[in-house]
Amino acid sequence: MTSGKLIVITGPSGVGKGTLVKLLLAHHPDLSLSVSATTRPPREGETEGKDYFFLSRDQFENMIETGELLEWAEYAGNYYGTPRQGVEEKLQAEEWVVLEIEVVGARKIKQSFPEATRVFILPPSLAVLEERLIKRGKDSKAAIAQRLEHAETEIAAAEEFEFCVVNDDLDRSLVKLEKIIFQPSQKD
Ligand SMILES: Nc1nc2c(ncn2[C@@H]2O[C@H](COP(=O)(O)OP(=O)(O)O)[C@@H](O)[C@H]2O)c(=O)[nH]1
Ligand SMILES: Nc1ncnc2c1ncn2[C@@H]1O[C@H](COP(=O)(O)OP(=O)(O)O)[C@@H](O)[C@H]1O
């Protein structure tokens, strides 16, 4: 790797961003994942500093005010944001950094990093997205309904992004993502 690169993976909740990013990092240990800050309480099994930096609203708002976040957004009642320092240090060290973030934040990244490679992950259909959210078993019925409603607006913005991948078959989607990241000039 000859220079730093910022890779942004975005798309609606439940589309498979986390699953794809995990596979991508397992196949390419050179890539570095940015750990986000959030005011959402930790879920069972989540670790501070590994999955997220878990902050109070006051702490998060302080980071916004002091410009410590590269981007941030409010999603389903909680704040989520990318700590600036870690990403900038990694890019300066010529690392390739992956952000897995929701759509509003991914949009904002374009302003500070016009060169970023941004990939929007699409579900094969809204029905499949709903199925995945239900199967994942992490969200209440009401939360799933809220996420699906939100997904429709997010999907309408997909065309703004440099690349789109429909996450149908997981292995095929991973290959498409790898092509976008490592061979962006080649068309398939
Ligand atoms: N803008 C922004 N979104 C983030 C960040 N970190 C995570 N997210 C997004 O916030 C949304 C909710 O994340 P989470 O509560 O972990 O739920 P899940 O990804 O749906 O399981 C997801 O779409 C994440 O991609 C961040 O640093 N900035
Ligand atoms: N290509 C796929 N085919 C079938 N199920 C998938 C696929 N990608 C992800 N999933 C499943 O869908 C659910 C949501 O995926 P997840 O990675 O948590 O989404 P996100 O991070 O976008 O919220 C998980 O249960 C995951 O195992």
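Cβ from N, Cα, C; glycine included.
Just so you know, TrEMBL annotations are computer predictions that nobody has curated.
What TrEMBL annotates here:
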- Gly11, Pro12, Ser13, Gly14, Val15, Gly16, Lys17, Gly18: ATP binding site (BINDING)
- 4-182: domain 'Guanylate kinase-like' (DOMAIN)
| Cβ neighbour count (within 10 Å, all chains shown) around Gly14 (ATP binding site) | 23
| request: Could you tell me which of the binding-site residues Pro12, Ser13, Val15, Gly16, Gly18 have their C-beta within a distance under 6 angstroms of some atom of ligand 2? | output: Ser13, Val15, Gly16, Gly18
| note | Gly16 (ATP binding site) -> DSSP, reduced to three states, gives coil
| task | Write out, in the order they occur in the sequence, the residues of the chain not among Gly11, Pro12, Ser13, Gly14, Val15, Gly16, Lys17, Gly18 that have a C-beta within 8 Å of the mean position of the C-beta atoms of the recorded ATP site. | result | Ile121, Pro123, Leu129, Arg132, Asn167
| said: I'd like the Cβ neighbour count for Gly16 (ATP binding site), meaning other Cβ atoms within 10 Å of its Cβ, all protein chains included. | reply: 25
| request: Of Gly11, Ser13, Gly16, the binding-site residues listed, which put a C-beta under 6 Å from ligand 1? Please answer none if none do. | output: Ser13
| Which of Gly11, Pro12, Gly18, all binding-site residues, has a Cβ with the fewest other Cβ atoms inside 10 Å | Gly18
| query | Under DSSP, is Gly11 (ATP binding site) helix, strand or coil? | reply | coil
